[in-house]
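Novice: Before I ask anything, let me first share the structure, which is written out below as structure tokens.
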Amino acid sequence: MHIQIAKTAGFCMGVRRAVDMAIDAANKSKGPICTYGPLIHNPQVLDILEEKGIPILKGIPEKGEGTIIIRAHGIPPCQQKKLQDAGFTVMDATCPRVIRVQTIIRKHTESGHHVIIAGDADHPEVVGLLGYAGSTGHVISSMEELAALPVFEKAIIVAQTTQNTRFYEGISTWVTKERSHYKVFNTICDSTEKRQNETMALAKEVDLVIVVGGKESGNTQRLAEVAMEAGTSSLHIESAEEIPKDILKDKKRIGITAGASTPNWILRQVVSTIESQAMTDSPMQAWIKKIQSFLLSSNIYLAMGAAALSYAASMMQGFNHEFRYSLIAATYILSMQIFNTLTGIPSDRYNNPERAKLYETHRPFFFILAGFAGITGLATAFEAGILPFAMLFFMTLAGILYTAPLLPRSLSRSHIRSLKDIPGSKTILIAIAWGVLCVILPTSAIRGSLDTATLASFLFVAALVFVRTAFFDIMALQGDRIVGKETLPILLGEEKSRRLLILLLTAVFTGTFLCIHLSIFPAQAFLLALPPFLLIWMLCGEISGRIPADTRLAFHIESLLILSGILAAMIKISVI
Ligand code: SF4
């Protein structure tokens, strides 16, 4: 079965901004926080906000305290004033595109225009817009209602941002003919338009379109209608549990899209449920998928990547590798990653539900595996000599200290209690740890000295691992934010993080050739420029939506580490 995910599926800019503002406020501020009305139309997100201590305030009390967040749809100005007068600190999460419509209305109302709003009179956004127009505001939802309005001397027409594009085009044409003195503003959000157009195109290519999103969400309902208009069956669900068991039977191509208020992790849960229910895979394909998924979730595949990178680093420096150093790298990474995954189950429930389930169900097994891997690594290092053992022992200690609270809660004034709470620290420290483990440790133990090639190999490994970790953090952004993790993409923002990663990979790619040119690396090491190049390609594909951020992409990213080892082995064979 082929699953095609719409590039435009999921949070739009305005919804993402509102949810981020609310979750950041809950993670950082101390006083009470609530939202005025539901922040967005998605019950699962509203449940999470409730769990994080952000209830919904339905009316305006006479007296209030703390922060009140205004939803992405905006509210009438008189209500905002009432909230301030009641004593709330107002945090305005109104979408900037809705603010633009409010500004147009305010400006034209002041200059005596009537305001005609094309939209649904009960929709919160329209209620808010009407508040800016006052007594000169009129809402219409059909051409008949527009034609029935009196002829105004001065009037403007605006649309609810999620309005149907074709309906609004009809209005513009009618106004040009019948009320040419009216001003028409195109205030439909292009995010809505792109989403509808893509759903239409998707529906023509698949057997079934699954639309994920709140049942109350107007833009999500419209996506299901658009799929039906294209003649394809569609299913509107709020969560993965609603997928009927036999609906995927005989379906070869499934299209998945989601409304503007659907978070990525719900979309991911739906994709993962469909993948596991898929009936058309051959038994062989199903087995391959299961093995892939287990290798990824258990971190065994990542540990294999560490072993491969350790081997590649020796080759780059031109000395013979010893297998035990790959074993040390693999066992250390396996042990630390399993412990990290066990402590990260709360965010995995959103980002990677399959992995969270696996670790919750087999918690004792993973504890034993992590302990066994850790002891094996230390024993191998001990056998290799006092220096490798001391280095690995220090790194194990550092790994434990990284997550352990350094200050008791009563003495810590900020939310930073351990090294892992320092924003962005995880990505940097993991990269350094891999560099030490795969480059410094084997080089100092086997060769006994470090040189320029060691530094260049260290930078190659650390940069590759830095990008890999940050790439996964970008994919897990929403779940991490919910549980209050301070990853690099949360600190820098998604766009800046992606730019940084591309810049870093470009430096690694060109740096590899520079090192060959300066005879720091052997000439055949040009092959090792392939993994950073492929990673740039995957990153660009994910940004453009060409490559979905799913389990397959995660598997391909981890495969690049193993590919480095394979390429190093090929170079070694060619040299011999
Ligand atoms: S659909 Fe457009 S206008 Fe509405 S919240 Fe999203 S970005 Fe803003």
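All residue numbers here begin at 1 and follow the chain in the order shown.
Glycine is no exception: its Cβ is also placed from the backbone N, Cα and C atoms.
All annotation found in TrEMBL is predicted automatically rather than curated by experts.
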Novice: From His73, His138, His181, grab the residue that TrEMBL records in the same isopentenyl diphosphate site as His41, His123, Ser217, Asn219, Ser261.
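Specialist: Answer, per TrEMBL (isopentenyl diphosphate site with His41, His123, Ser217, Asn219, Ser261), from His73, His138, His181: His73.
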Novice: Please pick, from Cys34, Cys189, Cys438, the residue that TrEMBL records in the [4Fe-4S] cluster site together with Cys12, Cys95.
Specialist: Cys189
Novice: Which listed stretch (325-345, 365-382, 388-407, 458-479, 553-575) has the most C-beta pairs under 8 A with the transmembrane segment (428-446)?
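Specialist: The listed stretch sharing the most Cβ pairs with the transmembrane segment (428-446) is 458-479.
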Novice: Taking the Cβ of Cys95 ([4Fe-4S] cluster binding site) as reference, which residues of that chain separated by at least 6 in sequence fall under 8 Å from it?
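Specialist: When sequence neighbours closer than 6 are ignored, Cys95 ([4Fe-4S] cluster binding site) has Met13, Gly14, Val15, Arg17, Ala18, Ala72, His73, Gly74, Thr161 within Cβ distance under 8 Å.
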Novice: Translate the DSSP assignment of Glu125 (active site, proton donor) into the three-state scheme.
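Specialist: Going by the DSSP assignment, Glu125 (active site, proton donor) falls within a helical segment, counted as helix.
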Novice: Take the transmembrane segment (553-575) and find every residue of the same chain, 6 or more past its ends, with a Cβ under 8 Å from one of its Cβ atoms.
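Specialist: Sequence-remote neighbours of the transmembrane segment (553-575) are 292, 296, 301-302, 304-309, 311-312, 314-316, 464-465, 468, 471-472, 475, 522, 524-525, 527-528, 530-531, 534-535, 538, 542, 547.
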Novice: Among Cys12, Cys95, Thr161, Cys189, Ser217, which binding-site residues lie by ligand 1, judged by Cβ under 6 Å to any atom?
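Specialist: Among the binding-site residues listed, those whose Cβ sits under 6 Å from ligand 1 are Cys12, Cys95, Thr161, Cys189.
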Novice: For the transmembrane segment (458-479), which stretch among 294-313, 365-382, 388-407 has the most Cβ pairs under 8 A?
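Specialist: By the under-8 Å Cβ criterion, the transmembrane segment (458-479) pairs most with 294-313.
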